[in-house]
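Peer 1: Quick paste from TrEMBL:
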TRANSMEM  22-43  transmembrane segment
TRANSMEM  63-84  transmembrane segment
TRANSMEM  93-112  transmembrane segment
TRANSMEM  118-134  transmembrane segment
């Protein structure tokens with residue numbers, strides 16, 4: 001929690017910025033690995049023929065769509081890039097971002113069981129560490 005105007009205006013500490021950059025890179029890595037796992041299964045022909053739009057696609061084709069362009073890959077990579085950019089600019093990300101990630105991943109794991117979602121705990125842990133390091137500096 002940012003309590004005073006001075007705390008709100010000061011840039012993140014070097015250590016916190018480094019941890020935030022690592023968190024960003026971890027999200028980008030997760031997105032790339034997620035893509036690498038699912039790309040061989042993509043039914044490009046069906047997708048380009050318009051079966052997703054017409055409702056004729058089989059369930060596996062729809063599931064692969066939601067696993068790749070319709071899922072975590074694009075927002076995860078963009079969020080990672082945003083974290084990296086913010087860290088370079090000295091932006092301080094609060095615990096709220098990390099807590100939201102933990103809650104979201106926990107809900108996903110509760111729904112589908114153990115999966116690659118668990119890797120996002122690494123990102124959340126790095127953001128928690130960055131917030132703690134930055135708060136100790138204050």
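Glycine residues also receive a Cβ, built from the backbone N, Cα and C atoms like all the rest.
Relative to the rest of the structure, where do these features sit?
Peer 2: Note on the transmembrane segment (22-43): residues 57, 60-61, 64, 67-68, 71-74, 76-77, 79-87, 116, 119-120, 122-124, 126-127, 130 of its chain, located 6 or more positions outside it, place their CB under 8 angstroms from a CB of the stretch.
Residues 12-13, 15-17, 19-20, 22-23, 26-27, 30, 33, 83, 92-95, 97-99, 101-102, 104-105, 109 of the same chain lie 6 or more positions beyond the ends of the transmembrane segment (118-134) yet place their CB under 8 Å from a CB of it.
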